[in-house]
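Visitor: Per Swiss-Prot, the features are:
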type: ACT_SITE; residues: C325; note: active site, cysteine persulfide intermediate
type: BINDING; residues: G74, T75, N154, Q180, S200, G201, H202, T238; note: pyridoxal 5'-phosphate binding site
type: BINDING; residues: C325; note: [2Fe-2S] cluster binding site
type: MOD_RES; residues: K203; note: N6-(pyridoxal phosphate)lysine
Amino acid sequence: MTQPAIYLDNNATTRVFPEVVAAMLPYFTEHFGNASSGHGFGAQAGLGLRKARLAVAALIGAASEQEILFTSGGTEANTTAIRSALAVQDGRREIIISAVEHPAILMLAADLEKTEGVRVHRIPVDHLGRLDLAAYRAALSDRVAVASIMWANNRYDLPVPQLAAEAHAAGALFHTDAVQAVGKLPMSLADTEIDMLSLSGHKFHGPKGVGALYLRKGVAFRPLLRGGKQERGRRAGTENVPALVGMGLAAEIVAARMAADLSRIATLRDWLESGILALGGCQRLGDPANRLANTCTLAFDRIDSEAVLTKLARAGIAISTGSACASGAMEPSHVTRAMAVPFTAAHGVVRFSLSADTTAAELSRVLAILPEILAELRPVPVTA
């Protein structure tokens, strides 16, 4: 009898909660109006959007739902934040990013550097993924428009509120790509100096194709998309009401369950990680004291991570070779290189990312199957 598949790639995307799917359906067939319309159908859609905005604001601890600007996802939110900061910070033509940002930030920065003459400071990290704080502070000046530092990577999380305060001391705005962090870390943005934050619904059991940019009240802003007056004139384009309603409900559910879920998930993660490390020939990546509760990233020595992924997939187990946004490349990811993972292990990086759906029985099956796979893939020692 075929066993059910096991999904351990929740940092790439998550299963949409059934309640979320059910909540979205009426907005396709009954409350299908344009939220900008002045009749009853538009009003119903507008109510759905307001409820979603309130839920997202509550999840991240924003001071007001008016600080939430809906977008098509994290990439749009990131691009909007950085381009806006450069536009409103007159005369400041430098930005600060980390060496381990998402490609959406890295490629935008490279484009700004090449085509618009923006100077980009790329701050390195150490072998645990911790930001070089001295280099960050040295890069801050009255020429910097914005510092954009990811809140959590697939392997670690950073002291973002502290970094925001230091950016403000230099007169710079602060943005954080929190796509991997929202729903996995408790947040209270109202108590921080963070100016802008990006999030994406599909990372916390909402639908794909929707996200948001948190924009702190009073922060100067220049829209990226112009045209209609949607999102209080800050983002043109008819809102995807069904998906945004779904993201809002996902935010409600995750916020209500976060403390209990994260505790249970971290316990399962630690058990899985201990079991794999006990097999030998691998090392844990990231700062064990500051990382996402659901994530276990390991580097296997002298083993190709793509081969591990393929063999586990054949057994019905889904994992990732680090980051799904970079998988398929035949070279170590930029994060692996930035963390100076030893050459013999750099091609063996795999990521197990759990969710509230993950069970101990599923992880037991992984631990039962993995030793045989590693034995097949590990080179046979040469004897004299």
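Cβ coordinates come from backbone N, Cα and C, glycine included.
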Visitor: What are the non-local neighbours of H202 (pyridoxal 5'-phosphate binding site), defined as same-chain residues 6+ apart in sequence with CB under 8 A from its CB?
Guide: T13, T14, V16, G73, K208, G209, V210
Visitor: Using C-alpha atoms only, work out the spacing between K203 (N6-(pyridoxal phosphate)lysine) and T238 (pyridoxal 5'-phosphate binding site) and round it to an integer in Å.
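Guide: Each residue's Cα considered, K203 (N6-(pyridoxal phosphate)lysine) and T238 (pyridoxal 5'-phosphate binding site) end up 23 Å apart.
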Visitor: Under a criterion of Cβ-Cβ distance under 8 Å and sequence separation of at least 6, what residues of the same chain contact S200 (pyridoxal 5'-phosphate binding site)?
Guide: G73, G74, A77, V179, V182, V210, G211
Visitor: When you tally the Cβ atoms that lie within 10 Å of each candidate's Cβ, which of the binding-site residues (G74, G201) has the highest tally?
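Guide: That would be G201, with the most Cβ atoms nearby.
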Visitor: Within 10 Å of the Cβ of Q180 (pyridoxal 5'-phosphate binding site), how many other Cβ atoms can be counted across all chains shown?
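Guide: A 10 Å sphere around the Cβ of Q180 (pyridoxal 5'-phosphate binding site) contains 26 other Cβ atoms.
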Visitor: Please compare the binding-site residues T75, T238 by how many other CB atoms fall within 10 Å of each one's CB, and tell me which has the fewest.
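Guide: Per-residue Cβ counts within 10 Å for the binding-site residues T75, T238 bottom out at T238.
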Visitor: Give the number of CB atoms, excluding that of K203 (N6-(pyridoxal phosphate)lysine) itself, located within 10 Å of its CB.
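Guide: Around the Cβ of K203 (N6-(pyridoxal phosphate)lysine), 25 other Cβ atoms lie within 10 Å.
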